[in-house]
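Report on one structure; see the data block that follows.
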């Protein structure tokens, strides 16, 4: 079937000998992907027939759909049919030829746009002047095998008179094709050994950008890397995090799925499922896919498929009563009118379409293609059958259809064929033809000495090689319909898409409305532009559909992934205390700064409540008690001063009583230093003032106890102890006992003084302002010293409790010291266990309680006698017990 001549596979001529011809055909066989077996057989037949210089085809072949002659030839391959029906075979006899089924008027329009562009260029004077373009257009039937057969037919020459496809090598310089990526992969690998450049108008697989595998491949459509980026941004824009993906079983679908997974890998978008429409269509497999879609909670489905593969899938979809699906269309079917006309439930579909353009005179040109003008063209007959459901009188095909004249008028409602208002793929074919034309124009107008080849030479116009054309194609830059067209170093064009929304018109027809765009040349964040108000969703709804595995977590919550499920499926967990989340679907909660805490909702950090013993209810209460205590003490002091000459005051050294009352007043007043916000001075003052005043008070009581004990002991004969406990000695005892405490406090303040600090550990939601003691050893030494003085007083007073006399102070001192020690022993565990301001309150309470205990025990009985029983305020009464 196939003949090849190698006069244009290298930059130099090769002798057309038997050995070289056979060698080239073997090389061709090694390069072909899934090459048909009969090609290999034809090599040996050609070798044996070469001696007679004759060639005969080994099998039936298809004539071009359209062709014309010219100086420079380009080929075109289009999927004029949706599928191929393979005949059954028993491997005994030769199988019948495969039959193409399902004519596609849309693809036929693409082919005609190539024909129109060539005729338009040939009529121009400013482009390829004095040269004409020739073309040969074949049908691929949307399958790689048939596409490969078509490209081999394009490569062969054709005898116009004998219609022989084996008359020699065709002078093919470039190829336009194909729409499907799988077909383009086969075509590119087939023409690659001959270094023939190829421009695809609709193959978007990112794999074709690999220059090592496809060095001669170009395209005027963006590759799928940009489409999946655009789709991923679309999903993020509308918050669709739970999606399904359906792809066709070929390289286009598989690479698109890989690209989409790569784009959503580090996002919050997850795949609920991904299913493959089988190439070998079987209802059982399709029903399994539809069952998955029906049971899934994903309401957004992304489909990477051509319309021919998707059409029968939707036919089964209708029967399954599946609703609420928001379709995301790939560029392969987003402008497929046949789907919009057949399946109106697809309204609301949204997807990215390749850039539209303008082709002048296209609609009028399409109307000229009729069975009347092309009576022997079977594809034109099939067009009429597809559009009108009738068979032209000149056609012998499909005789079961009603006959028609072939003169019927093409109308606008034949959208699959006549939709020329916004050509996209058709426009890409148009651009591809012009890309070849401008490249050939630049090649022809090369000036010797400035050429791109060896020794700056130019191509020989009588023998142009395809590899020379590729050089100019790589550098071509031209404008068509206001668009600048060029190719990058991978053979790709500028990534630009229109965002198309399927909107149902009042008449019931679905219209393709542009609602945005994606410009891959823009900076990140500015690539996707959407007119959200212009979008009409399914069932003419204005509300954006929802497709999530789990509802969004409100601020104040974080997401917690469910075990064994995708990251998009999660539970909402409230943020822990002290942490917040101020965004929806936060992965983690953020800790608040040290001085801040979370609010009740966990959405914002607020300043922590600062807690200290202030002038609140508790502080005011303690303040009043302290002032009342000080006032009572001063009152007693005044009473004693007023009655200082009476026996009850003078007994046991009235001077010590005045010192005790003065120190008790200071003890009451020092409690006030503990109330209010701690400062450096107040922290140092509160502990030192308290310890020194109490030491002074207990020292005075100790002196009084010694005097009482010595006074009654001195009555014994020969005992002169009182001379060692005179007023001077008593002052020295008080001074020395107090001085010890002063020294301890001084060392404390110098070495490690108390200081204010913020306690955030005990209760994290609050800042407890308190005074740190600085040195625990010093603090407990101060308290310990006071305790030692109190214990000595208690012990001495206990010894003197039974001494004679109507007013033996030893009893009251014993009782007061008992209360004092009890209070401070209870203070220790309470102080350690109480937090915050309660620690300070406990210390104030201990100070006040012990002060009141001393005041009442020591002075209440005397005041009672002075004020209420003055008759007992006599020396005889006080000494009456001794006289007895």
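Each Cβ is built from the backbone N, Cα and C atoms, and glycine gets one as well.
Just so you know, TrEMBL annotations are computer predictions that nobody has curated.
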Range among 753-776, 777-800 that TrEMBL annotates as transmembrane segment:
777-800
Contact check, the transmembrane segment (617-642) vs the transmembrane segment (812-832), 3+ Cβ pairs under 8 Å, seq sep 6+:
no
Under a Cβ pair cut-off of under 8 Å, which of the recorded stretches 654-676, 688-712, 812-832, 844-867 contacts the transmembrane segment (777-800) most often?
688-712
Other parts of the chain folded back onto the transmembrane segment (844-867), taken as Cβ under 8 Å at six or more residues beyond its ends:
613, 622, 625-626, 629, 632-633, 636, 639-640, 643, 646, 648-649, 657, 660-661, 664, 667-668, 670-671, 674-675, 690, 694, 697, 701, 807, 809, 812-813, 815-816, 819-820, 823-824, 826-827, 831, 873
Averaging the per-residue pLDDT over the domain 'G-protein coupled receptors family 3 profile' (618-882), what integer do you get?
81
